[in-house]
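S.K.: Below is one structure. I have some questions about it.
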């Protein structure tokens, strides 16, 4: 990769994550009125035509029968959980605090890759994980501030995102794109459709349109990430996700009168530094056999999103 290509990849990634931040503002807005399950159902429903179009134009022979049904079921369940927990966290917590929770995904991937992928984690990455988890404690301040359901949901969302990423790394080369995308969306429709009977509130047209905005923004951002990873090196493109803390501060202040306090920014900085260090260590040849964090290229709580690494296999 040339410096120009890496710059292009970095800028595209920055743009993608600014769109994701806008996507999260809409979730935050709708979460003040509607259940996260209702928002997730309609956002997923409106994203489905975009995902279907991508599948049917794939041009590769695919099958709907999974090679690893139990792993596919686990990944589908974690995508449902990641969406519900993530949407709920955005609806009740300041945006900066939610991002701080989600930024733990690289740390959790590193831990989960040990039993699932057989990854060997040395003292450097292990130390970064411990430091990053200490950053979480700085953000949530247990014993000083009450630990809310929103904080637990944010961390649960991070756990779900990390697990689905590691599972995708394990089975992604064996399963078709249809399997990797169809089953999670089916799980969302069925589970959220059942829940909708208990939580549904009528939505005026403007709010229903906003759920469509979540779907479209998630899809556009995911396509931009595909282009970014094709243009630049993963070690350059991936850290751009941490720019979301800047957007969280700006958007939170403008739209919701939120100002992150010193502890939130300090904890987020520790988590970000740990995540970047893990990315750098994985990028050095010989440090990681599976490079699970570098290959985590999707933002899984976006209903319009899809698995970036699968899309990268398509011809540009």
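Cβ coordinates come from backbone N, Cα and C, glycine included.
Marked as domain 'EamA' by TrEMBL: 8-140, 149-278. Summarising the annotation, TrEMBL assigns transmembrane segment to 37-57, 69-90, 96-114, 126-144, 150-168, 180-200, 206-229, 236-256, 262-280.
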S.K.: Counting each residue once, how many in the domain 'EamA' (149-278) are helix, strand and coil under DSSP?
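M.R.: Secondary-structure composition of the domain 'EamA' (149-278): 113 helix, 0 strand, 17 coil.
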S.K.: Does the transmembrane segment (69-90) make contact with the transmembrane segment (180-200) through 3 or more Cβ pairs under 8 Å, each pair 6 or more apart in sequence?
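M.R.: These two stretches do touch.
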S.K.: Which sequence positions outside the transmembrane segment (96-114), separated from its termini by at least 6 residues, show Cβ-Cβ distances below 8 Å to it?
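M.R.: 24, 86, 89-90, 120-121, 125, 128-129, 132-133, 135-136, 139, 150-151, 154-155, 157-159, 161-163, 165-166, 169, 241-242, 244-245, 248-249, 252, 258, 260, 264-265, 267-268, 271-272, 274-275, 278-279, 290, 292-293, 296, 301.
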S.K.: Taking only the residues in the domain 'EamA' (8-140), give me the average pLDDT of this model.
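M.R.: For the domain 'EamA' (8-140), the model's average pLDDT rounds to 89.
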S.K.: To the transmembrane segment (37-57), which of 180-200, 206-229, 236-256 is linked by the most Cβ pairs under 8 Å?
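M.R.: Result: 180-200.
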S.K.: Using DSSP, what is the helix/strand/coil residue split across the domain 'EamA' (8-140)?
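M.R.: Its residues fall into 108 helix, 0 strand, 25 coil.
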